[in-house]
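Asker: Below, the features straight out of Swiss-Prot:
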ACT_SITE  Asp150  active site, nucleophile
BINDING   Asp150, Phe151, Asp152  substrate binding site
BINDING   Asp150, Asp152, Asp333  Mg(2+) binding site
Amino acid sequence: MSVTIDPRRHDAVLFDTALNSTQALVRQLQQARVGTATFASGGGGHDAAIQALIESADRVGARPGRCVVITADAASVAAARDSGFALVIGVDQAGHRDALPDHGADTVLADLDEVRVRAGDRHMSELPDALQALGRPDGLTVPRPAVFFDFDGTLSEIVDDPDAATPTAGAVAALQQLAAQCPVAILSGRDLADVSQRVGLPGIWYAGSHGFELTAPDGTHHQNEAAAAAIPVLEQAAAQLRDRLGSIPGVMVEHKRFGVATHYRNAARNRVGKIAAVVRAAGQRDGLRVTTGREVIELHPDIDWDKGKTLRWVIDHLPDQRAAPLVPIYLGDDITDEDAFDAVGPNGVAIMVRHNEDGDRATAALFALESPARVAEFTGRLASQLSTLG
């Protein structure tokens, strides 16, 4: 069994000083521009273990929600889990393999040779501008595209209250122009009914809950039946999270049909670790998958399905590809959009909508846009370009 450290999701790795043979992995991480730091495990109790981890993350300038902890110490595993670290890897150096997952390890390895490091991605600041590249022979030219958009942070600005989000000025008109030229789809983490109502444009694809539920341009409804079995579990998890987190100012627990999103954008920064820890514990208890995003942590059915697989499913169900295959273009801003960036493949186009909430993180995207307003402008220009091609 192996585990992958992904620079798109992880800014730093914290190593227990008691671990053996860390040098080779440290070199791989440095080559991938992932920070590294150490902490001493053992002694001092639970609060001291948490403090040691937080101080180690601070030294490398990373927040716990984007840090990996690797340790052979069960107490350090528990401390990392309770303080909201993104990934907790246990290493069985002393024959106590069962104790590590019992304390909250995401995975347990025999040694560090089983750790992989994703390589080859660029950072957001290094990407060329998609608007400047559009239509240039050496830039971005796609004569037969199918264009996919995230909603929040891509077609809409990120706002403090998710219920207040609306498409940015000109976005819906540009989408309508584009839909007259090629297939268009909105892939959102929101409920299907929510995102389709906010955009309000007929004749395009809508996918809600990261693709667990879709409607086609003709109104045909599709859902992941395996995911539907988890709906009662998600309802129960939402109620329990409201009980556990509802008293924390600035936290909002949103129950969706195929997910539970805990928003903490308006919460105090020193409460975020606890919030994440509570959600991760709920996911582990209820057998649900945990995903993260911009100031949100979510629970989903534990099924191998994401925006990338949704994109490929939609492509496979689009008509009129006999003359030439459609080329996917995907525009998104968040970690969950990286699955779609991967899925467009070497012939597709992935476009990141830049932000600074995760620093200058790595991404699989090929191009970037500066804001949702630029997304609307790009969409309109792409529609005009396609109309001239006939």
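The backbone N, Cα and C atoms fix where each Cβ goes, glycine too.
So that I understand the layout, could you describe where these features sit and how close they are to other parts?
Answerer: Other Cβ atoms within 10 Å of the Cβ of Asp150 (active site, nucleophile) number 26 in total over all chains.
Under the three-state DSSP scheme, Asp150 (active site, nucleophile) falls in the coil class.
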Asker: In sequence order, which same-chain residues at least six apart have a C-beta under 8 angstroms from Asp152 (substrate binding site)?
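Answerer: When sequence neighbours closer than 6 are ignored, Asp152 (substrate binding site) has Ile158, Pro162, Ala165, Ser188, Gly189, Arg190, Arg294, Asp333, Asp334 within Cβ distance under 8 Å.
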